[in-house]
């Protein structure tokens, strides 16, 4: 089984470099991880979308960016069942290259649409807190709609070429899908991926850190000028939310992009084939860091829950209503059940009495 996966690059050098030697472990852990992501991500984001839609009359720029982020996460979860099956089968894609390409498209759309909308949210909050007078123009819903449309167009323009690129590859008796070794022969691959990391990670995280650092400075200045603000705990809650957003972003997106950047630099510094051990380590790191990055779609609803008072109140109200309906249904069904049992008992007694006569 270990020899089922050998890449052409390794074979040409006479080495049996199995980049999927970890498949026996991965076929258990990765489906489990993505099943949790699918359930939590789908339920959490659908709940967030329901709350946003119910409050559409009060929608503003922040809510609109959040809604687009939620839609991006829901779109991603729809592609997860096929990936779960792929990993459970030990990196074997059995439903054709066309669906593999569509899955890759959805994956990258979610990744970079999510990053872009998180960046939009940080800029939106920056103007709301640091430059409130300018924010009056930016918070206009028409302006925010234009920004959201631009983000989707940009992301689709960046990712649509994936539909024209073969994503699957025969490896022994299996077919891999959306794996890095499938693209190793692409011309100028290191430069392409380094450019993608620059635009899709380095630039957004720089903007996010700058915006939130300025917001923190403004909150500290406000607290010094007005002690009542500090006592109310509003600033502390805002700072905790900012820290949560930054920590989630760094934990989810940094490992993947750092792994890509360092490996591409190695390839540029050593144009020849890298050692099998280095390539296998990179392949394992990709699987681990991609799992971590995809977990971000589960974290977004929790950020809304703790950050947005209105969202938290709405969710709790919906849950209480659901529990209340369940309890009342159970209470109503209990007398009906007892009544039915009594009727059946009476009928049996009557039947026996009739037979006795």
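In case you wondered, yes, glycine gets a Cβ from its N, Cα and C as well.
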Are residue 23 and residue 236, as given in Swiss-Prot, on the same side of the membrane? no
From 168, 345, 351, the one Swiss-Prot labels phosphoserine: 345
Under Swiss-Prot, which of the candidate ranges 127-145, 146-164 is annotated transmembrane segment? 146-164
In Swiss-Prot, the member of 12, 61, 324, 333 to which phosphoserine is assigned: 324
When the Cα of residue 100 (disulfide bond) is compared with the Cα of each of the binding-site residues 83, 112, 256, which one is closest? 83
Where the record names 83, 108, 112, 256 as binding 7alpha,25-dihydroxycholesterol, the maximum Cα to Cα distance in Å: 19
Counted with DSSP (H/G/I as helix, E/B as strand, rest coil), the topological domain 'Extracellular' (92-101) has 5 helix, 0 strand, 5 coil
Remote residues contacting the topological domain 'Extracellular' (92-101) - C-beta distance under 8 A, at least 6 residues beyond either end: 82, 85-86, 162-163, 165-168, 174-178
Quick one: average pLDDT across the topological domain 'Extracellular' (1-27), no decimals. 60
Would you kindly give the Cα-Cα distance separating residue 177 (disulfide bond) and residue 256 (7alpha,25-dihydroxycholesterol binding site), rounded to the nearest Å? 18
